[in-house]
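Undergrad: Take a look at this one; I'll ask things after.
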Amino acid sequence: MADDPSAADRNVEIWKIKKLIKSLEAARGNGTSMISLIIPPKDQISRVAKMLADEFGTASNIKSRVNRLSVLGAITSVQQRLKLYNKVPPNGLVVYCGTIVTEEGKEKKVNIDFEPFKPINTSLYLCDNKFHTEALTALLSDDSKFGFIVIDGSGALFGTLQGNTREVLHKFTVDLPKKHGRGGQSALRFARLRMEKRHNYVRKVAETAVQLFISGDKVNVAGLVLAGSADFKTELSQSDMFDQRLQSKVLKLVDISYGGENGFNQAIELSTEVLSNVKFIQEKKLIGRYFDEISQDTGKYCFGVEDTLKALEMGAVEILIVYENLDIMRYVLHCQGTEEEKILYLTPEQEKDKSHFTDKETGQEHELIESMPLLEWFANNYKKFGATLEIVTDKSQEGSQFVKGFGGIGGILRYRVDFQGMEYQGGDDEFFDLDDY
């Protein structure tokens, strides 16, 4: 995950788009004054400008005065945004403009335009009471998806792994006769029945695989991993009943000691090299490397907001690791009496304590200059500190441990740093303040 800085930057871009989608999906407006415009890479700005001029003419006929004015206002905003571009950027252009209604019931104008992190091959123009983000969501879900078939003597499980998400698509159990010494003339008949049931089982698995992993005549996964404890997986991979299109996608056969969901987890673990570009594995590796630094006590690690920010300021952080749902806010306050700026990092619990926002001596309230989630601030500023930012989930065991045990924020350092020996002036202040340093 960290070996390729461009991949890490791309992950930050993906996180930003996920965050944007979340806020756009939640936004609602009155009437149809919210415009979603997506221009694919090879389109012409002039064509879109003409289309908008035509739309402006059509919108002038809307009967409701309020709706007419807000739609015309939104179209004008989009036209203004387009004037900033001579041509469509290489990856296309996404524009959202309109008036939304906030939770307090106030109206607020939204104007967003950006080039996505990879080509968006969708053309879209919609006026509605909400923003349409389906094309952006599709852009994110284009990560490689891998199929897993876990097959043993007691049943089969079909699943997929995409990015950090694993999903069980289907599973069924089977009751196959065991080999036994019941004998005499019946031995051959028993063996024949066994082979027949086994054959039918493999056929059922092969047919189910086609239903799940082939859609519209095409294989819908980037690769397949066959896993199992007996030789069923080998039998399936070599069987004539197994669809040729799927056969060509088999990446690996994996021996596992369990069936079902435990087997699925084990199969993911054992296919690591094959799926090394899947984020789930990369995340485990990255946090594993972080834990190694800690267990070997190399001193090349930091955790918690305070130490991590100290290390960033020193330029010591090579990889900054942050949990995607980190709920710490960064506040920049202006102290009225001293005219100094103060920076606080507070959890939702600490935010409730209003004493953080007032002067201890005078009781005067500090002026709020800026507030934003700390992760968002990192996403905008990590390059200034020469670090790579990795945004992780708590879906893997390591990720969950990182969030619960280390607060979801830490870093792998370029060199050993002794945080104990770096006492701050005003060490009694429990909040880390960059200006004190």
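We number each residue from 1, going along the chain as drawn.
Keep in mind that glycine also has a Cβ here, set from the backbone N, Cα and C atoms.
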Undergrad: Check the candidates LYS42, LYS63, LYS284, LYS342 against Swiss-Prot and report the one noted as 4-hydroxylysine.
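TA: My reading of Swiss-Prot gives LYS63.
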Undergrad: Please find, within the list 61-64, 165-168, 433-436, the residue stretch that Swiss-Prot describes as motif 'NIKS motif'.
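TA: Swiss-Prot lists motif 'NIKS motif' for residues 61-64.
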Undergrad: May I ask you to name which of LYS87, LYS197, LYS300 Swiss-Prot has annotated as SUMO2 cross-link?
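TA: The SUMO2 cross-link feature in Swiss-Prot corresponds to LYS87.
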Undergrad: Based on the annotations in Swiss-Prot, which residue of LYS83, LYS145, LYS404 is described as SUMO2 cross-link?
TA: LYS404
Undergrad: Including all protein chains displayed, how many Cβ atoms other than that of LYS63 (4-hydroxylysine) lie within 10 Å of its Cβ?
TA: 6
Undergrad: Of the recorded positions LYS63, LYS87, THR347, which sits closest to LYS404 (SUMO2 cross-link) by Cα distance?
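TA: So, of the listed recorded positions, the one sitting closest to LYS404 (SUMO2 cross-link) is THR347.
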Undergrad: Tell me which residues of the chain lie with their Cβ under 8 angstroms from that of THR347 (phosphothreonine), as long as they are six or more apart in sequence?
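TA: Non-local contacts for THR347 (phosphothreonine): ASP327, ILE328.
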Undergrad: Would you mind reading off the Cα separation of LYS63 (4-hydroxylysine) from LYS87 (SUMO2 cross-link), to the nearest angstrom?
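TA: With distance taken Cα to Cα, LYS87 (SUMO2 cross-link) is 35 Å from LYS63 (4-hydroxylysine).
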